[in-house]
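Just below is one structure, and these are the notes that go with it.
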């Protein structure tokens, strides 16, 4: 059985109309979503994350409708990383400690330091003030908040859009490692040509509809 | 010590002060003339009715009448506070709960310690004083809560996306909103007697009470308002924040 299945999923608001979205994602799979700006890709990820309500269709996670799960526990398993993250508190530490706080666990600075180094930031970075961070640094910290605890699915929304080539390579390496070695499924939105070219499975969204998929779609 | 004496003639003369406000509104073209006249007429009528009503209630000295007045004050205060959050479902009930809890608890404490006697001339004015301060505190808390959920929307969404509960995601907003509700009372406690002689103390001094005795009552009022506004703000914020989320723990638009 697939880990995640969307059956005719849709979301409709005055400025967004996403409909008839059907596909599935297996455990450990890496699915890339692309399409023009404003086509509904980010909305699709938010729907899967349970952050906005479905207007039609259903989303099945581990053989159960996502509405049957406690939304808080579900979002710990299906983790959505925003493209331009807003960082909390004053320091990087405040942000990386947050996932521990919400689980009522003690912050593990060595784990955080390992992840920081994996994306090209040293462990001393923990005490850096958020206000002094560049866009690329904020984007990497925003991503790391979702990686301190391993989810079952990572929903990544253009997570390398503010990164230079070197940082992008490091982030890609980390995401690939989590995908291949920890079996985390990835559902990723990107506009990057190279990432699209390297995609093992590509879904194209256009004007709120599925315009193409290089794998059989559901329904 | 001379006592305040107001008769019909002095009231008519004091009406000239309203003419000053009207003249300014007219000269500066503020468009407030009608509003000033309406508010003055309304205030005079309301006060005349309240004056006669209170005289009757004080003379009757019946528990049921006193408690009815207390309930009317609660309801009016809750109605006004709820007006600050028209788009919040159940705001009236929430405000009533906050005002009822904060005012009743403070009143009970004052009554059991003997600071206050259960007679209408003491219970009704003190209830009004506590409830109006609670009302202002709740209104401020609501306004802050509402503005913060709008301004910090992205941050809340990201916390939810990380798996935070709605309370964890709203924690800082709740704290800041309670603080906002309490701050006018704390600020006025800091300046009481230095910048202003508050209502209770002024009233007693006007009535000829020794200022040194009057401060005793004012100290009690300061304590009770601190207690009431903190309880009211806390209840209002903790019961209101979850109204910003759906059953599926999604942030409402």
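Note that Cβ sites are derived from N, Cα and C of the backbone, with glycine treated the same way.
Taken verbatim from TrEMBL:
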- B:6-24: transmembrane segment (TRANSMEM)
- B:36-54: transmembrane segment (TRANSMEM)
- B:60-79: transmembrane segment (TRANSMEM)
- B:91-112: transmembrane segment (TRANSMEM)
- B:124-145: transmembrane segment (TRANSMEM)
- B:191-209: transmembrane segment (TRANSMEM)
- B:215-241: transmembrane segment (TRANSMEM)
- line: Among B:6-24, B:36-54, B:60-79, B:124-145, B:215-241, the stretch with the most Cβ pairs under 8 Å to the transmembrane segment (B:91-112) is B:215-241
Query: Going along the chain, which residues at least six beyond the ends of the transmembrane segment (B:124-145) come within the CB cut-off of under 8 Å?
result: 54, 57, 66, 69-70, 73-74, 77-78, 80-81, 83-85, 88, 91, 95, 98-99, 102-103, 106-107, 110, 116, 173-174, 176-178, 180-185, 199-200, 221, 224-225, 228-229, 231-233, 236-237, 240-241, 244
Query: Same-chain Cβ contacts of the transmembrane segment (B:60-79) under 8 Å, 6 or more residues past its ends?
result: 92, 95-96, 98-100, 103, 118-120, 123-124, 127-128, 131-132, 134-135
Statement: Residues outside the transmembrane segment (B:6-24) whose C-beta sits under 8 Å from one of its C-beta atoms, at least 6 past its ends, are 30, 33, 36-37, 40
